[in-house]
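Undergrad: I'd like to ask you about the structure that follows.
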Amino acid sequence: MSLGNTTVVTTTVRNATPSLTLDAGTIERFLAHSHRRRYPTRTDVFRPGDPAGTLYYVISGSVSIIAEEDDDRELVLGYFGSGEFVGEMGLFIESDTREVILRTRTQCELAEISYERLQQLFQTSLSPDAPRILYAIGVQLSKRLLDTTRKASRLAFLDVTDRIVRTLHDLSKEPEAMSHPQGTQLRVSRQELARLVGCSREMAGRVLKKLQADGLLHARGKTVVLYGTR
């Protein structure tokens with residue numbers, strides 16, 4: 001379909017990421033002991049300096065983990081969706097306060113349980129499920145370490161254009177990405193893209209214009225169609 005001023009796009013949402021290595025029964029038993037809470041879009045669930053004593057599990061929606069500098073600049077460290085744990089480091093490394101921001105990207109439902117309570121349950125009613133839950137958390141930690149290593153390498157060795165191209169391709173694999181007749185449709189603002197790659201909003205906008213002129217994508221507002229990624 002045309003990408004002009006009157007574009008109408010028929011889209012289908014990609015399948016959500018399945019809960020890593022956890023079966024439905026294990027999830028249900030874990031959730032039975034957790035407090036479920038709903039959060040609006042763009043809500044900070046916790047910020048640096050907040051007490052660190054809770055494990056979160058994303059039931060629905062999408063969240064971002066963000067590092068914040070003293071001058072209020074932000075760098076997005078990762079996006080996490082349904083079936084993923086957040087704040088899991090506290091199960092293994094004792095820390096009194098949070099060091100990053102957990103912010104909702106969409107309306108979310110999160111399950112929350114204190115580390116102390118979960119450790120007690122691992123010795124009692126959740127004892128049979130403890131190996132599976134801990135293994136799932138280990139898988140997620142390993143994946144996030146690989147993602148962080150890749151992001152650090154990009155910051156060190158790639159220019160802004162290459163970082164943005166690779167980040168857009170990463171976003172095309174996220175559950176929120178939608179199929180499009182010419183590739184993949186993403187919803188990401190210049191500000192969000194800048195936070196993902198570590199540059200200014202203005203620089204992100206200039207790079208998108210260049211990539212559009214080169215025929216690699218079409219960008220309008222917060223909508224980006226990345227060509228050739230179906």
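In case you wondered, yes, glycine gets a Cβ from its N, Cα and C as well.
So Swiss-Prot says this about it:
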- 18-139: nucleoside 3',5'-cyclic phosphate binding site (BINDING)
- 158-230: domain 'HTH crp-type' (DOMAIN)
- 190-209: DNA-binding region (DNA_BIND)
Undergrad: Between Ile66, Ala130, which of the binding-site residues has the fewest other CB atoms within 10 angstroms in the structure shown?
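TA: Result for the binding-site residues Ile66, Ala130: minimum number of other Cβ atoms within 10 Å at Ala130.
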Undergrad: Need the DSSP three-state call for Ser114 (nucleoside 3',5'-cyclic phosphate binding site) to compare against my parser.
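TA: Looking at the DSSP assignment, Ser114 (nucleoside 3',5'-cyclic phosphate binding site) belongs to a strand.
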Undergrad: What residues in the same chain, six or more past the boundaries of the DNA-binding region (190-209), come closer than 8 Å to it by Cβ-Cβ distance?
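TA: That would be 66, 74-76, 154-155, 160-161, 163-164, 167-168, 217, 219, 224.
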Undergrad: Check each residue in the chain of Arg98 (nucleoside 3',5'-cyclic phosphate binding site) that is at least six apart in sequence and keep those whose C-beta is under 8 Å from its C-beta; list them in sequence order.
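TA: Correct list: Phe46, Arg47, Pro48, Gly49, Asp50, Pro51, Ala52, Gly87.
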Undergrad: By DSSP, how many residues in the domain 'HTH crp-type' (158-230) are helix, how many strand, and how many coil?
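TA: Reading the DSSP string over the domain 'HTH crp-type' (158-230) gives 33 helix, 17 strand, 23 coil.
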Undergrad: Starting from each candidate's C-beta and looking 10 angstroms out, tell me which of the binding-site residues Ser34, Ser82, Ser114 has the most other C-beta atoms.
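TA: By the 10 Å Cβ neighbour count, Ser34 comes out on top.
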Undergrad: Give the helix, strand or coil assignment DSSP yields for Ile66 (nucleoside 3',5'-cyclic phosphate binding site).
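TA: Where Ile66 (nucleoside 3',5'-cyclic phosphate binding site) sits, the three-state DSSP reduction gives strand.
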Undergrad: 10 Å Cβ neighbour count around Asp50 (nucleoside 3',5'-cyclic phosphate binding site)?
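TA: Taking every protein chain into account, the count is 15.
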